[in-house]
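A.B. asks: Structure provided below as C-alpha cells; questions to follow.
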Amino acid sequence: MESAGGPYLNTAAVTSPVGIARLLQMTFGCATFSLVAHQGGFSAAYGTFCMFVWTFCFAITVFIIACEFTHLHSCLSLSWGNFTAAFAMLATLMSVTAAVIYPLYFVQVGCYPIGCEVRDFRIAASVFAGLLFVTYATEVFLTRAKPGQVTSYMATISGLLKIVQAFVACIIFGALVNDSQYGKYVATQWCVAVYSFCFVVTVVVVAFSVTGKTALLWFPFERSVVIYTFGAVLLYTSAAVIWPVFCFDSKYGSPQRPGLCAKGKCSWDSQLVIAIFTYVNLLLYVLDLAYSQRIRFVSHL
C-alpha cells in the first residue's frame, strides 16, 4: 500500500547539515551530563545550573528531531521555524555559559583533593560542553536568514538579537537580587523598571512569533516591534546614564570597590555587573533597531 501524502518519515531531518548538527547536539549533550552525573560531579547553584542547561537542551533537541523526523511538528500549534530558530539561539547562549562556568568552578590541574579519576571526568565533560556549544552555534549559522531569503522572523538578525537581549536581561536580574541595593534610590528603581519592562515586552514578542499568533493582532506586528525597539533604546540609554551615577559617583555610591567587601557577597560587584550588561543590552537594542531599518529599506527596493 502506498501513501498519497508522501513518505511517513522525513529522513532529511537527520541527513541534512542542520539535522547532522542536531544529532551531534544530542550526542554531545548526552555525553556531557552523563560524564558529570557518573563521576565528574557537581555542586552548589553553579553546578545545578550547568546540569539543567545540558539536560534541558538535550530534551528539547530530542523533541525537535523526533517531531521533524515523524512530521509531527505539523500538528503543533507553533510556528515551527520560529520555534527552532529561537531555541537554537537560546541553547547557544546557555551552552556557552555552562561551558565557561563548569571548568571555571570544577576543573583543576592537580588531582588533590578530588582524585585523578574525578578530575579526568570533569575535563572530559568540559570538552564535550565546548563541543556542544559549537554545534548549537553551527545550527544558528546554518539557519540564519540569508540576504533576499524569505524566512521566519526569529531566524533574522533582529529575531536572534531578541533572544540575546532577554538572556542578558536575565543576567542583570541575577545581579539585582544578589544584594545590589537597587532599592536605595528612586533613580535605581527606575532602572529596574526599565530592565523589567523591556524584558517582558521582548519575551512577548518572541512568544507571539513562536506561537505564530502575530497575524491575529489588530495592529501591524513588524511596525510595532520597530517602535518598541526604538523606545527600548531610549529607556536603556537613561538606565546607562543613571545606574553608574547612583552606584559609582562618590556622592551616592563608591567609585572603587570597598576593601572589606567579601567575594561573592559584595553589592559593588553586583552593581558593576549590572552596569556592564546595561551597556551590552543598549548596544544590542541599537543593533536591532539599525538592522530593522535596513530590512525596511531593502524590502522597498
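Don't overthink the numbers, they just go from 1 along the chain as shown.
Backbone N, Cα and C define each Cβ position, glycine as well.
If you look up TrEMBL, you'll see 13-148, 153-297 marked as domain 'MARVEL'. Per TrEMBL, the feature transmembrane segment maps to 44-66, 78-101, 121-142, 154-177, 192-218, 225-246, 272-291.
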A.B. asks: Going by DSSP, how much of the domain 'MARVEL' (153-297) is helix, how much is strand and how much is coil, in residues?
C.D. replies: 114 helix, 0 strand, 31 coil
A.B. asks: Do any residues of this chain, six or more beyond the ends of the transmembrane segment (154-177), have a C-beta under 8 angstroms from a C-beta of it, and if so which?
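C.D. replies: Apart from its flanks, the transmembrane segment (154-177) reaches 81-83, 85-86, 89-90, 93-94, 140, 143-145, 192, 195, 198-199, 202-203, 205-206, 209-210, 225, 270-271, 273-274, 277-278, 280-281, 284-285, 287-288, 291-292, 295.
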A.B. asks: Going by DSSP assignments with H, G and I as helix and E and B as strand, what are the residue counts for the domain 'MARVEL' (13-148)?
C.D. replies: 113 helix, 0 strand, 23 coil
A.B. asks: For the transmembrane segment (192-218), what are the same-chain contacts with Cβ under 8 Å, counting residues 6+ beyond its ends?
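C.D. replies: Same-chain residues near the transmembrane segment (192-218) but 6 or more away: 77-79, 82-83, 86, 152-154, 159, 162-163, 165-166, 169-170, 172-173, 176, 182, 224-225, 228, 232, 235-236, 238-239, 278, 281, 285.
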A.B. asks: Summarise the model's confidence over the domain 'MARVEL' (13-148) as a mean pLDDT value.
C.D. replies: 94
